[in-house]
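Step one of this worksheet: look at the structure below.
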Amino acid sequence: MAEERPGAWFGFGFCGFGQELGSGRGRQVHSPSPLRAGVDICRVSASWSYTAFVTRGGRLELSGSASGAAGRCKDAWASEGLLAVLRAGPGPEALLQVWAAESALRGEPLWAQNVVPEAEGEDDPAGEAQAGRLPLLPCARAYVSPRAPFYRPLAPELRARQLELGAEHALLLDAAGQVFSWGGGRHGQLGHGTLEAELEPRLLEALQGLVMAEVAAGGWHSVCVSETGDIYIWGWNESGQLALPTRNLAEDGETVAREATELNEDGSQVKRTGGAEDGAPAPFIAVQPFPALLDLPMGSDAVKASCGSRHTAVVTRTGELYTWGWGKYGQLGHEDTTSLDRPRRVEYFVDKQLQVKAVTCGPWNTYVYAVEKGKS
């Protein structure tokens, strides 16, 4: 089989502040569009109003409500309140700089600190594009918070491998593949079976014994992917972002009633209304307070996941992209603005003979890295 050709980044969804989303004009892009500098980009981090791109040469470029550029960058993490930048130092240390988003890369940063990596060689040896490791710091003993204090230490025994932040909660994946969550829980996004908040990282007991490979935090929902390719999802389902039946889409005529089993027993909040073909009430799930197993169409195995504010994107082992949830700005990539409460494959990449390798969601948009499929 021939080697894969160099890939490129694509974007779709909300771009009302002029952030780079390919060739689209106006406030939104409904279908994947190549980014102008997509070949050189290796990391993408998107907030609501701007996006940070890091190139393979270490150049950081901002697009949208925040603008500017800087060199010697290893990683960047964008949020509405601040921009965190990891810059290469003269030795093994890296320099972490935190800027207010409105004055990013201009003047002095709000805060800066030297960071010593825990181990060398943590980046992908093949140089494959990734969404980046921030907000977890290279030392794996602390992370960056969008609210002061910006530097948040982690207990050493957590042995963090990945950390993701939602609007009010945090998810941590440790070296053993176990998941911890903490923060606000009013939408069930912590996965502990209640709507209570947690001040400290708490092991997700429902997944204990299962080895997870990746976690993703949406605005108020959570996803994790196991090493065997299974997807577990929980939290708020207001726009169908959990791929479970939701009242909002049913009222818009954009969903169909489906049979659900043991919905009450698994702890989810179920609301029922009339309308099923057999006359029985149709089940709708508003909040799923602990992990539910989600099957993709055709039994596809997942390898990567990312969440927007109210939408979800998953990459399969065969390089296909599935999206669902809120689609008002085209962030699902299906050439329309329909919201979905079930996974749907993004046909653009199939039609173009592209294999998706990475996905990273902003609150209202989506960025995808894909390569041309190798030819036998």
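The first residue you see is number 1, and the count goes up from there.
In case you wondered, yes, glycine gets a Cβ from its N, Cα and C as well.
The annotation region 'Interaction with KDM8' is assigned in Swiss-Prot to 1-169 on the grounds of experimental evidence. What Swiss-Prot lists as repeat 'RCC1 1' is 6-56. Annotated (3R)-3-hydroxyarginine per Swiss-Prot: ARG141, in sequence order, evidence recorded as experimental evidence. Among the features that Swiss-Prot reports, repeat 'RCC1 2' is placed at 176-227. The annotation repeat 'RCC1 3' is assigned in Swiss-Prot to 229-317. Taken from Swiss-Prot, the feature repeat 'RCC1 4' applies to 318-371.
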Count of other CB atoms lying within 10 Å of the CB belonging to ARG141 ((3R)-3-hydroxyarginine): 17
Within the repeat 'RCC1 2' (176-227), residues counted as helix, strand or coil by DSSP: 3 helix, 23 strand, 26 coil
Per-region confidence, the repeat 'RCC1 1' (6-56) (mean pLDDT, whole number): 87
